[in-house]
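Reading through the structure tokens given below for one structure.
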Amino acid sequence: MSTASSATIQVQLPDGTIAKHPANTTSMDIARGISDGLARSVMAAEVCGRIVDANRPLGELAEDDSPIPLRLLTPRDSEALDVLRHSAAHVMARAVMRLYKGVSLAFGPTTSGGFYYDFDIPEKISEDDFPKIEAEIKKIIKEKEPFERFILDRDEARKLCDDLDQDLKVEHIDTGLGDQATVSFYRQGEFVDLCRGPHIPDAGKIKAIKLMSIAGAYWKGDASGRQLQRLYGTAFFDKKELAAYLELLEEARRRDHRVLGKQHGLFAINPEVGQGLCLWLPKGARVRATLEDFLRKELLSRGYDPVYSPHIGRVELYETSGHFPYYRESQFSPLFGSEAGGMIDAWMQRLETGTLDADSEEKLMEAAKVLGAEIPDYKQSATNEAKLEVLHRWQKVHERYLVKPMNCPHHCHMFKAQPRSYRQLPLRLFEFGTVYRHEQTGELNGMLRVRGLTQDDAHIFCTADQVEAEFKATIDLTKFVLESVGLKDYRVQLSLRDPKSDKYVGSEENWNHAENALRGVMQNSGLQFNEEAGEAAFYGPKADFMVSDCIGRSWQLGTVQLDYNLPERFKLEYTGNDNSTHRPVMIHRAPFGSMERFTGMLIEHFAGAFPMWLSPEQVRVLPLSDKSIDYAVAVAKQFDEAGFKVTIDNNDGKVQAKIRNAQLDLVNYMAVVGPKEAESGQVALRDRIDGNLGSMPIAEAIAKLKKETDDRTVRQAVESKVSATAVDSGSTGHEY
RNA sequence: GCCAGCGUAGCUCAGUUGGCAGAGCAGCUGAUUUGUAAUCAGCCGGUCGUGGGUUCGAAUCCCUCCGCUGGCUCCA
């Protein structure tokens, strides 16, 4: 701790120089000693590796008697932006408290794009109120009041929050901060907030701030708890950076796959068909088919076997796998073979939750009889457990089906379809398997979150010794797939279990084994990866691919998951070379994730302008006038026979208009044909990016386009107007 | 599912304090026969998301439901 015995301390700057200072010297004092300009731009400091307020005495931050490493943080340092935004959240909260009565403060952290503060306010805030809140914020910034830190012990802190009528803070001190002896507060004028900090020296440093949106949020993330109002904002060191950030949001809006998908006839989602159910229109279906053909060919060459499974399966299948009880809420209700099935299902749920009264029970028994379900063993006097057992026995002999939410149970039974020898392993079964999940209405989002989706699913059944090699092979496959569509910027998230949670199934030993295997492969893969506790599936750890698109947004796409659980549940076995039975290990993997989500992401990444090999319309032949239509048809036929997706624009009108339409439709190449071309057997090729390429023989044009297609060349037709990383948050470590 | 906002023609959007529902694009028809990002003219097109209420009168005000959007929660 503090070196109170010595009145002086030694401070080491990043350039290595060490100087002596009094123990109460602050980072700001040292900045002032270097230059006034530096002092003005210091936002915070990194002392002994911790980000702290610039006005903290360095002596109290020292860990031992060795020189204290100090780095002054200015707007050039990415860490400073987080500090600024956190202070901006305080300023916003202060403005809100001035304008509204009865404000209870919750939390106000920073996010990758800015910050938010959660409030409990009786009055509803709407976006119409933003101007007056922003005006109040500007007033506060103009005052340039400092942020002042002070420490209280728990009882004092509790009393202060109580006096300030901050009941959420009181609760947090009691529950969330139970193990802290003292807590820190920050005061800025009349605004006092329980806060870990750090903060910028004064509010005047905030040069650009904007309220972004208002939304609901739960207190401490608990959906059964209090609903708070969350006010989102963003802040920057200067107005240009704010403008660039707003431009990024605008760019994202222009690329919205829901808008582009409708505009270009790629897909449709119609409430009359059903929420979250995607209609793949011809052009979207072409893109998908190209992706599927590409992957199928790749999988066949990598030792996978194609399989097919039905769209429904008995509920017992998913009871065995564990999915049915675990995900009951987010599955479509079972389909019942017997008319009484649904009623008995509801009956059992009432019994389970203890919400069935005698009167209702009699009615249910009567109704069961009417619907032809005789249950003579059911006695009203019996215990709930006994009743449930009787009903469950009835269910077991009456078919119940689930629209399949997962492919893996089916594939497990394919493994079991014959006795297996170690010689057959690894067995790699793949299928573009369509599954249905009843996602909550608020979660649905275009193609990105749907209720019916097709996974590029496969399950690898292998021996424990093969796990590493197979896992590595799937990582390589996923890399290959992503890079083939031009996605070169990705990292892997190792999703591990949360040691404190009990939602996981399987033995401690299996989990340790699986997590260590994944970590080992990742460490040897040379791929950038990070570990995230609590993100694992309930049956095993996963490696999720986080992919950055061309405007710097991160998407979770492909996934590889290790599973020691399902083989156990389905009692999968093979005979080893020792002539005894062994349990295989399962690897779930999907390089695209789902066709819906992957295609939706691609639409946004390419702004609807697919590269040649994925394009739903690669060539459009534009006859100069009706006189050239015959030749246009002949040209189109040649492109068609060469395997291109080609159309003819035989509308009336000038070629300029046809070109404009083709450009707007994002067709990769236009083949303009008039009398000159017809005479010489040529086409005048126009590239949608580079423009007119001049006339050339048809064979030459076909060869050129074929090369671009076969090479899977990716040329971004719609350049991003913003730099991909220029405005991302400080927390991800980008330079400024 | 929860909180907030929104819902007018196929699309993008106007529509004053409640007083006869509009434009551009797309589509159709006709003229035009065109050389690298828009040829001209005419026509068609809406129970203003649904159901109810207030009112002499509702796209406009109120309520219900449906859907969409942004978040939250969830995501096998």
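Heads up, the Cβ atoms here are built off N, Cα and C, so glycines get one too.
Curation plays no part in TrEMBL annotations; they are all automatic predictions.
Record note: TrEMBL gives A:His459, A:His588 as Zn(2+)-binding, and the candidate from A:Cys278, A:Cys408 in that site is A:Cys408. For the Zn(2+) site, the Cβ centre of A:Cys408, A:His459, A:His588 serves as reference, and the other residues of the chain with Cβ at most 8 Å from it are A:Met406, A:Asn407, A:His411, A:Cys412, A:Asp457, A:Ala458, A:Gln561, A:Asp563, A:Leu566, A:Met586, A:Ile587, A:Arg589. According to DSSP, A:Cys408 (Zn(2+) binding site) sits within a helical segment. If you average pLDDT over the domain 'TGS' (A:5-68) in this model, you get 90. Sequence-distant contacts (6 or more apart, same chain, Cβ under 8 Å) of A:His459 (Zn(2+) binding site) comprise A:Asn407, A:Cys408, A:His411, A:Cys412, A:Arg428, A:Leu429, A:Met586, A:Ile587, A:His588, A:Arg589. The number of other CB atoms found within 10 A of the CB of A:Cys408 (Zn(2+) binding site), across every protein chain shown, is 25.
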